[in-house]
Each structure stands twice: as C-alpha cells, then as structure tokens.
Amino acid sequence: NGTGLSPLTFILTGIPGVRMNSSWVALPLCCLYLLMLLGNCSLLWAIGTHRGLHTPMNHLLAMLALADLGLSLCTLPTVLAVSCSEPPELCLGACLAQMFFIHTFSAIESGVLVAMAFDRFVAICHPLRYSSILGGSLVGRAGGLIVLRAVSLVLPVAVLMHGMPFCGSRVLSHPFCLHQDMLRLLCGAPRVSSLYGLTAVLLTKGLDSLAILLSYVLILRAILSVVPREARAKAFGTCISHFCAVLIFYIPLIGLSIIHRFGKHLPPLTPTLLADAYLLIPPLLNLLVYSWKAKEIRGRIRILLCRR
C-alpha cells in the first residue's frame, strides 16, 4: 500500500538484538561523541592559534576535522535518541535533511583525503617546489571546490527522493538516514534515483580512491628511488597518518555500499555495524592518528586541556 495522505515518517532502529533505552548502550555512545567533539574542537583550536602549525598539511587537517565534526553533529541527535528512548520517528523532510548532510560531509572528507594525498605527493616527489606549489591561497580554493562538488552532487539525490512515493514498511536499518537504506523503501523500481546515487558515489568516492591510489603509486616509486634507508623510513613516516586515515574511511564505506546493494542475504547486524563504523569511528581515530604523529599538535592540545 502507498503512504496516501498520512504524514510520511520513518522509524529509526538501533543494533538488532540489543535492547535500547539502556544505560550500557547510551553511556558509551555519549562518551564517544564527547571525545569526538572535544578532540576535534581542540585540534582546530591548536591549529588556529599556533602560527607554527599554519602549513598546507595542517590546514587540510583542519578541514578534515571540520568534516568529522559535521558528521558527528549530523548523527548525534538520532543516535542518542535511539539509544536513550523508544525508536523515534522522523518526518520525510528531517530524514532527507540528515541524509543530505551525512553524504555531503562524507564527500567533503573524501575530497580532503585526496588533497592530503596530493600534499604528500608534492612533499616527497617535489620537495624543493613544495612552498611554491602549495603556497598562497591554493589550499583555500581547493577547500571551496571540495565543498562545492559535494553539495552539487548530493543535493539532487535528496531532491529526487523527495518527490518519490514510499511503500510498505518505513522502518530503517540504522539510527540515521542513509540514501542506500531509504532507497529500498521506495515503491516499484526507483531506477533514476538509484542510478544517480551510484553515479554520485562514483564521481566522489570512486574517483577520489583512484586519485589516492595513483598518488601513492607515484610516492612509492619516488621513495624506492631514494638510496639511503634512513631517507626511505622518514619518507614513509610522513605518509603513515594519511594512509591510516584513508583505510579508516574507505574500508567501512566500501563494505557498506557492497552490502546494501548485494548483501541482502546477510544478517541485519552486519550493515548496522558497518554503518556505525563508517560514521562514528573515523572522526575519533583520525584525531588519534594525527595527534599521535604530530608532536606540536599534541603539545598544543595538552596546553588547552591543562588550562581547562
């Protein structure tokens, strides 16, 4: 049956088989979000107030922290609502708005990771020209293009889905609204929305992953051409943080996309855990990875915590 004239709402769900509205679920989630928000805000404060950290790579790191903050704030209200009370309901407009912001910030994070890969490529393959290539306002213009690309590709997804009818169950598989999850609730065969969603993913994460892979192939070739082992170790060390951030972001993302399209026979717990890992883990682990590698950032964050 179609939705008719009744208000169109979606029911959010938590982890299958786990009773919600319990403190042992809500407390760890609250601590996780608190760490993400406090950590990324401290990272932005450290980069913004210390002139010694005003480098292209740290400016890109600040953009990554902003994208992580956006993802955290997008999912925080509904995730905590699911874990602290009965499964909440969201109207179509609110669900589409959350879906838009989640996928937009995800596309922004993917674009920032590409820009960081280019930064590492220039730093290792053309170290003498690093300041001239990445100097000036290039990083700011790149950030503007990354945001513009994300918004222009994700906005039509929400517009297309807004005008389509939903049938049958309105129960989502996650405590937040994702395009892949809402797509399965559409009436009939939503070919246009599905094809455009797939095209948007290929134009963002698909091309971005290929660009990152190409940059690392060139970086690896440049590193292997360096004869001294000490120089090789130092060059590899400059890429470890970024490489970890790429793995943290892309492995859950690719797994979630494959499961939603081809893994309908898998138990419901699998997509739920992958979605939680995709949206909740990178904002925290990115902070830990980059703070662990950068002594100056650790020092500035320690100063901020001591003042508090």
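All residue numbers here begin at 1 and follow the chain in the order shown.
Glycine is no exception: its Cβ is also placed from the backbone N, Cα and C atoms.
Per TrEMBL, the feature domain 'G-protein coupled receptors family 1 profile' maps to 39-290.
Positions annotated as transmembrane segment by TrEMBL: 24-48 (among others).
For the transmembrane segment (60-82), the list of distant contacts is 12-14, 20, 26, 29-30, 33, 36-37, 40-41, 43-44, 47-48, 88, 90, 98, 101-102, 104-106, 108-109, 112-113, 115-116, 119, 139, 143, 146, 175-177, 245, 279-280, 282-283, 286-287, 290: same-chain residues at least six beyond its ends, Cβ to Cβ under 8 Å. The transmembrane segment annotation in TrEMBL covers 60-82 (among others).
Sequence annotations record features per position, and here TrEMBL assigns transmembrane segment to 94-118 (among others).
Residues of the same chain lying 6 or more positions beyond the ends of the transmembrane segment (138-161) and with a Cβ under 8 Å from any Cβ of it are 56, 59-60, 63, 96-97, 99-100, 103-105, 107-108, 111-112, 115, 179, 182-183, 186, 192-193, 196-197, 200, 203-204. Summarising the annotation, TrEMBL assigns transmembrane segment to 138-161 (among others).
The annotation transmembrane segment is assigned in TrEMBL to 209-227 (among others).
Residues annotated as transmembrane segment in TrEMBL: 239-260 (among others). Distant neighbours of the transmembrane segment (239-260): 64, 106, 109-110, 113, 116-117, 120, 124, 178, 180-181, 184, 201, 205, 209, 212, 216, 219, 266, 270-271, 274-275, 277-278, 281-282, 285-286, 289-290, 292-294; these residues of the same chain sit at least 6 beyond its ends, with a Cβ under 8 Å from one of its Cβ atoms.
The transmembrane segment annotation in TrEMBL covers 272-292 (among others).
Just going by CB pairs under 8 A, the stretch in 94-118, 209-227, 272-292 that sits most against the transmembrane segment (24-48) is 272-292. Using a Cβ-Cβ cut-off under 8 Å and counting only residues 6 or more beyond its ends in the same chain, the transmembrane segment (209-227) has close neighbours at 113-114, 117-118, 120-121, 124-125, 235-236, 239, 243, 246, 250.
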